[in-house]
Amino acid sequence: MAGLLAGYWAHGTAGSTAAAVLLGLALAWFAVLALRLAVSDVRTRRLPNALVLPSYPVAGGLLAGAAFSAGEPGRGAGAVLGAAVLWSGFFALRLLSRAGLGFGDVKLAGLLGLYLGFLGPAQVLAGTVAAFVFGGLWGLGLILTGRGTASSTVAFGPFLLLGAAVAMLAPGLE
C-alpha cells in the first residue's frame, strides 16, 4: 500500500494527489486503530464495537474516495468484496467454533477486508493466511514454553491486525 501511495503522490495530477491524501489518511486511521484494538484485545479479550463499527464508514469512505480520485473505481469494488468475503468467512468460522473465535474478530476481519480488498485478492489471502500463521506460531510458543496448552485461548485480534499490516506492506503483492 505504501508503494501505491507513493505512486499516487508522484503522478502529480489533482486526482492522484487527492487519492494520495485520502489513502494516507486511511493508513493513518488504520495505524491508530490497530494499536488501540491490539492493546484492548490483549488486555480485555474484547474488540470494542465503539472502535470497530465506526471504522467501516471512515475507512470505506477514505478508500472509496482514493479509488475514485485516482480513476480506479475497481479498487472501491475490491474493498467492498474483500470486506464481504472476510466477514462471511470469519462468520462461518465463528459458527463452526464458537469458543475459538469471537464475534469481534468477525467484525474486525470485515474491516480489514476493506483495506486488503482495496489492494487486491492476493492481499486478502496473504493477510488472512499471515494472521493464522502468526497466531499459530504464538500458540505453539506458549505450548513449548509451558505457558499454555492446546486448549488455551489467545486474543486473535492482534494477529489479524499484524497479518493485514504485513500484507499491506509486503512488496510484490501490488
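In case you wondered, yes, glycine gets a Cβ from its N, Cα and C as well.
As written in TrEMBL, here are the features:
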TRANSMEM  20-39  transmembrane segment
DOMAIN    30-140  domain 'Prepilin type IV endopeptidase peptidase'
TRANSMEM  51-70  transmembrane segment
TRANSMEM  76-96  transmembrane segment
TRANSMEM  108-134  transmembrane segment
TRANSMEM  154-173  transmembrane segment
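Scored on C-beta pairs under 8 angstroms, the neighbour of the transmembrane segment (154-173) with the top count among 20-39, 51-70, 76-96 is 20-39. The average per-residue pLDDT of the prediction over the domain 'Prepilin type IV endopeptidase peptidase' (30-140) is 96, rounded to a whole number.
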